[in-house]
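Encoded as structure tokens, the structure appears first; notes follow it.
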Amino acid sequence: MSGDTEEVTRLRKPRFSYEENQILIREVRAHYPMLYGAQSRRLSVAERRRVWEGIAAKINAITNWKRTAQEVQKRWNDFKRRTKEKLARVPHSTQSGTAEEAMTAEEETIFAILGPGVMPGSSHYGPVTHLGAMDFNPSGPGSSSPETSLSAPCAPIEAPLLLHPKESPSPTSQLHIVQLPHLTPSPDPSECPSPPPPGSGTPLLTPSGVAQHYDPTVAMLRAQQETAEAIRHLTYTLRQSMDRLTNVLAAILPLVPHQPPESPTPSGILGPVYYPTKTEPESEPCCPVTYEEENGEDGGEEEIQEVIAEPPRSPSPPPPNKRKRFGYLSQRKRRGRWKNL
């Protein structure tokens, strides 16, 4: 069983040595813009893999074990993870922590490469001078130029993270500079006023001057005055225009001849107009057929002469939904009642 354990142990590669870690940190710092910076978006995955392969080749040049690009990248990710975890546990100043929580030189270098964005709660601290950021960088002849160039843009935010408990003379001096204009008399107009310190706002403005420039009541009163003046001017213009129009009408009316109103003549009066209306024919009280009996001279033959009166006009058809009913005197359709006579 022990032989199997030794066999497994032999197959595992040794840990990264100090020299390998230094080469890894130095090469990642040199190629950081291409791997994680602004240029990484323009590079493809294959191009970034070739960068990691170049870093692995430089590490393999000093060791007998061959590191792959994936192993080198994993080692760098472990560095970042451990540095972030220690920053979360350690106080904002490395000098106030214990020996176990103090950051090593490698971790400080990695923190300088990554910037203050990896620090939890870094957005709660305000900007400070560049001197505190320079104190954080590890002193060394070989790490001056690249590290300074990378940490310089992030200097205003790095300082409060690590140098907060130390004495800070610069904010006190700024406070005195801010209070001096209030205590000293007004300067000579011929002299050029010194620019206010950064972050102090506008200390030269007195409270009365600020109230005079930003008082909403004064601005409202001015707006009301301007509106009243505009209304007064418009009223005067309208009155003047109405007076001129009245004078013009008074001058024109005498020149127009007077014409009496035309009265309508009797011949022009139209009589009432009657429109014909449709009426139904009156029903005849008697039967439309009359019979006359004449006695002839030929021996008493009776000749019946049928006289048919002119049939009246048929009335207008009733509405479709109304049933027509016949009365006692209303006309009915003959159904051949007198055909045999």
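Using N, Cα and C of the backbone, Cβ positions are placed for all residues, glycine too.
The feature region 'Disordered', as given by Swiss-Prot for the ranges 84-103, 104-123, 224-243, 244-263, sits at 84-103. Each residue in the domain 'Myb-like' (8-80) gets a DSSP state, and the totals come to 53 helix, 0 strand, 20 coil.
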